[in-house]
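Colleague: Structure in structure tokens, see below.
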């Protein structure tokens, strides 16, 4: 079935409102923003580790990391089962969830560690690495989608080399 425009617009509005809610909460007093260790932009202020930070961190991680991760896991497992029944494996169904965990995992670990211990003993340069990795997710996701999709992969190959990949070649490479 096709996605209806009203459903797509509703989903987009929900995503923007959801992001706005979590972005505004530190401005209203639940959680707090501070400069990142190298003072290039802002992030959650995990230097305090008080109850306000801990409650915000746990709510944020549940609603923005664990629940989306669970949804991705179940959705891609369903896609994998459908591909398995049809015998066609068109995408790596585990890659998007692995990308989420690899890119956001270090930042989440740092924030959770800050909830129980003081992280100021870690060099600012090292505390900056997880935040930078987390901020690369949109770019990484674009590459995962483009290289994981058979049609885009063929188009990228044709753009880079000028050679068109025949359908039989694509099928042989995926088997």
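Placed from the backbone N, Cα and C atoms, the Cβ positions cover glycine too.
So TrEMBL has the following annotated:
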- 1-145: domain 'G-protein coupled receptors family 1 profile' (DOMAIN)
- 12-33: transmembrane segment (TRANSMEM)
- 53-76: transmembrane segment (TRANSMEM)
- 97-116: transmembrane segment (TRANSMEM)
- 128-148: transmembrane segment (TRANSMEM)
Colleague: Can you tell me which parts of the same chain pack against the transmembrane segment (12-33), counting only residues 6+ beyond its ends and a CB-CB cutoff under 8 A?
Modeller: 42-45, 48, 52-53, 55-57, 60, 63-64
Colleague: Roughly where does the domain 'G-protein coupled receptors family 1 profile' (1-145) sit in mean pLDDT, to the nearest integer?
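Modeller: When the pLDDT values over the domain 'G-protein coupled receptors family 1 profile' (1-145) are averaged, the result is 85.
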Colleague: If we skip the immediate neighbours and take only residues 6+ beyond the ends of the transmembrane segment (53-76), which ones have a Cβ under 8 Å from one of its Cβ atoms?
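Modeller: For the transmembrane segment (53-76), the sequence-distant neighbours (Cβ-Cβ under 8 Å, at least 6 residues beyond its ends) are 22, 25-26, 30-32, 44-46, 93-94, 96-97, 100-101, 104, 108, 111-112, 114-115.
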